[in-house]
Amino acid sequence: MNTFSVSRLALALAFGVTLTACSSTPPDQRPSDQTAPGTSSRPILSAKEAQNFDAQHYFASLTPGAAAWNPSPITLPAQPDFVVGPAGTQGVTHTTIQAAVDAAIIKRTNKRQYIAVMPGEYQGTVYVPAAPGGITLYGTGEKPIDVKIGLSLDGGMSPADWRHDVNPRGKYMPGKPAWYMYDSCQSKRSDSIGVLCSAVFWSQNNGLQLQNLTIENTLGDSVDAGNHPAVALRTDGDQVQINNVNILGRQNTFFVTNSGVQNRLETNRQPRTLVTNSYIEGDVDIVSGRGAVVFDNTEFRVVNSRTQQEAYVFAPATLSNIYYGFLAVNSRFNAFGDGVAQLGRSLDVDANTNGQVVIRDSAINEGFNTAKPWADAVISNRPFAGNTGSVDDNDEIQRNLNDTNYNRMWEYNNRGVGSKVVAEAKK
């Protein structure tokens with residue numbers, strides 16, 4: 001017997017089985033082939049560099065010596081403080097979410113207030129003001145879609161039209177807790193209300209918790225492919241937790257800001273937000289703003305039914321002297337269309353901005369542009385430039401991850417067709 005021939009046959013058969021197994025494994029389940037330093041169009045972190053980008057770093061305090069925020073899972077009481085649902089239903093304390101929020105704020109307590117929302121559709125805005133204690137708002141249905149908060153608002157609408165849609169029957173009045181929020185928008189003298197006032201759900205509450213519900217700006221595809229900011233959820237507070245929530249819209253679906261009560265971006269605050277087990281949908285600059293936000297086990301879905309030729313997931317407006325902006329880990333990036341969508345771009349609201357984002361340990365599908373995964377900055381039109389650094393004598397990559405001459409948009413250990421690093425032509 002020719003053992004050599006048998007061995008070769010066995011190896012060939014084994015190799016063939018291996019190839020078959022690999023080819024049948026979906027791309028998003030295969031190991032990542034991203035290697036540092038990547039390219040100037042798609043910079044990739046090394047394992048050593050990636051150690052700097054986890055929740056602990058993003059949730060550090062700007063106050064020297066202060067402990068980092070270490071959020072625990074949201075826990076719900078056996079009996080909430082307030083229940084929102086149909087009139088006459090046993091246990092219901094309020095028929096609108098805003099009325100329940102107002103009642104919780106009026107208590108002026110530093111004790112967390114729990115608001116349970118029964119299944120149903122709740123049309124209209126919800127404003128959660130700053131308060132001594134945190135608010136937990138949660139749906140009691142089996143799924144997030146069972147509780148739906150929605151309204152159609154366009155940042156391009158006039159203040160008069162906005163007042164008509166947002167404040168029917170004196171929902172916001174002087175003396176009510178959220179009046180100052182409403183007044184900061186309704187008193188605008190500009191032609192349009194703007195992105196910051198286009199939010200359906202707006203919170204300035206430190207410690208806000210949202211769970212098991214859906215928030216949607218229903219403007220959707222009723223407008224053209226032009227500039228139509230339409231925020232579903234806006235949060236300004238610190239230590240915000242969002243779990244098992246659908247956030248739906250098109251442009252600027254989820255907007256995080258460090259605005260104070262004057263409703264303006266600030267330079268000395270870094271609000272921190274944790275988003276887990278959630279679903280976020282939109283087309284242009286889906287997640288925007290200024291703050292430290294960690295997304296864990298969250299799906300980002302890009303729809304191109306309105307814009308067709310462009311789509312961006314992240315648009316961070318991180319200050320240049322702040323090292324941490326947005327972090328997505330163990331998440332999924334899905335886009336319709338053939339390589340049109342991009343992972344993000346810096347939202348250059350001023351000369352002190354250099355948006356920061358890291359996508360790591362996540363799956364990116366074929367709907368994303370692999371040749372140019374990151375876009376040029378919005379507003380300033382600053383061309384995207386990733387820092388590939390240099391390699392020292394010990395084969396270690398040397399680069400400043402916060403060099404203001406480069407963008408700060410990074411990836412690490414991602415997989416899927418859309419995660420491919422395309423070689424760049426030598427200049």
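Just so you know, glycine gets a Cβ as well, placed from its N, Cα and C.
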Notebook entry, point to check: In Swiss-Prot, C185 is paired in a disulfide bond with which of C22, C197?
Noted result: C197
Check: For D285 (active site, nucleophile), which residues in the same chain are close in space, meaning a Cβ under 8 Å from its Cβ, but six or more apart along the sequence?
Finding: Q251, N252, Y312, F314, A315, R345, L347, V378
Next item on the list: Name the secondary structure element type, per DSSP in three states, that contains R345 (substrate binding site).
Entry: coil
Checklist line | Neighbour tally for C185 (disulfide bond), based on other Cβ positions within 10 Å of its Cβ | finding: 22
Checklist line | Cβ neighbours within the same chain of C197 (disulfide bond) - under 8 Å, at least six residues apart | finding: G155, W162, S184, C185, K188, N263
Next item on the list: Mind giving me a neighbour count for R345 (substrate binding site)? Other Cβ atoms within 10 Å of its Cβ, every protein chain shown.
Entry: 26
Margin query: Let's see if you can do this one: DSSP helix, strand and coil counts over the region 'Disordered' (23-42), in that order.
Written below: 5 helix, 1 strand, 14 coil
